[in-house]
Amino acid sequence: MIGKLAGWDETIVALATPPGIGAIGVIRLSGKKAIEIVNGLFQSKDLTKQTANTLHVGLLKNNNTVLDEVVLSLFKAPASYTGEDVIEISCHGSPYVQQQVIAACIEKGARLAKAGEFTQRAFLNGKLDLTQAEAVADLIASNSEASRKSALHNIRGGFSSNLKELRDQLLSFSALIELELDFSQEDVEFADRTRLYDLVKRSYSTTSSLLNSFQLGNVIKNGVQVAIVGKPNAGKSTLLNTLLNENRAIVSDIAGTTRDTIEEILNIDGILFRLIDTAGIREHTSDIIESIGVEKSREKIQQADVALYLFDVNTNTRTDIESILQEIKKENSQILLVANKIDNTNEESVRLTFGNLPNVLFISAKEHRYIEVLKERLVDMVLQGNVQTEGTIVTNARHYEALQKISTSLADIVSGMDNKLPGDLLALDIRRCLHFLGEITGEITNEDQLDYIFSKFCIGK
Ligand code: GDP
């Protein structure tokens, strides 16, 4: 654990609710002087004499001016979010009142909190490990049911307990190796190499399943990019409108992505699907006309997680679609063929003609037919083999990188054991794994890294 940060012993204050007008605004203070500072403003009773976890109604007054009538929530160290004395002032939600209250707290000795500083203190006081603290930021930023669920799972220590299990496995492994080292002088052959092997294998598989969850984690956090392509008049914009009418997601921005193309976002079963370059669809500029050869379509298909190729069943033959499919396959392996306009024709014979193309389904974009099937198929394509929504899903690139290093070190141990490497060298590899684990949970970290992580929080959290 690193030492305490600069300004650590100061009492901090910040608005915890979004700035602007609201029914109430909550101002939060944390630190040794939190109670004393608010006590200097509070008129109704002596806060220093109150017990923890209590609410107090009364007036806040500074320099003979009444600031507001407020409700105070009082928490005492160490049983608070930050592990310090914390007071939350619920005042009326006028930005002016809030500013006045914060200014009065500063006048009495508090200072403005930096972004994420409350959670950072919680982390430094051992209330949360780093993965839990990061999950707090993820929860605040969550914009779908799936991302909310995954963040909450991690705040509650879901990921931490996986890491603890991994750590325990490594420590038992290390204990066995140390034992071998202790006896090395006496020429005692280590009794049970199979047990050792089992332990490493188990750690390796724990690590692998966490690593494997990252693909889904990424999807949950950032959404799935879908390119809708097809010849002009295939019905792309009709399909887009049909989907958007029912499922347009209300999202502000999604972390970690730049919005250099215009896109629409759909929320299907809690997963965000980002329809890329929808402006192109509307303007008919990025049609996959003359099949491919149009660079923009190629790029769009490459860039997407899923390429949805829409075609009109009335104007295409099976051979047309097969040859287009060959082209698309070069750019993307996740292809969904969508046969459109089945309302215009004999559905049965159309199904016979196109039915055994790979991953094909039939819809009428205009008549809203089988749109549910299309949505289900999209979700299935994302989740295939990945349906572990109850378990931990790694959503954080920092964790993913550290897990990759752990996995490599574990693979080194396995091959070391295969090559009968001496125990002291194996012990080094284990220490390396434990080091990377510590990096994830924050036991081993540095100030710059912490500042970076917490700077992504909002002020007041
Ligand atoms: P885009 O060029 O691929 O964007 O195609 P549009 O969405 O503009 O559709 C072209 C024409 O096909 C329009 O006249 C639509 O009304 C029509 N269309 C789209 N989907 C369907 C469908 O499912 N059934 C029928 N009968 N017509 C459709």
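From the backbone N, Cα and C atoms, a Cβ is placed for every residue, glycine too.
Because the structure is a prediction, the values reported are computed rather than measured.
Residues annotated as (6S)-5-formyl-5,6,7,8-tetrahydrofolate binding site in TrEMBL: Arg28, Glu88, Lys127, Lys461. The GTP binding site feature in TrEMBL is assigned to 233-238, 252-258, 277-280. The feature K(+) binding site is assigned by TrEMBL to Asn233, Ser252, Ile254, Thr257. Under the heading Mg(2+) binding site, TrEMBL lists Ser237, Thr258. If you look up TrEMBL, you'll see 223-383 marked as domain 'TrmE-type G'.
Within the set of binding-site residues Arg28, Glu88, Lys127, Asn233, Lys236, Asn233, Lys236 have a CB atom less than 6 Å from some atom of ligand 1. Here the binding-site residues are Arg28, Lys127, Lys236, and the one whose Cβ sees the fewest other Cβ atoms within 10 Å is Lys127. DSSP assigns Ser237 (Mg(2+) binding site) to a helix. The domain 'TrmE-type G' (223-383) scores a mean pLDDT of 80 in the predicted structure. Annotation for Asn233 (GTP binding site): spatial neighbours Asp312, Thr315, criterion Cβ-Cβ under 8 Å with sequence separation of six or more. When secondary structure is read from DSSP and collapsed to three states, Lys127 ((6S)-5-formyl-5,6,7,8-tetrahydrofolate binding site) falls in the coil class.
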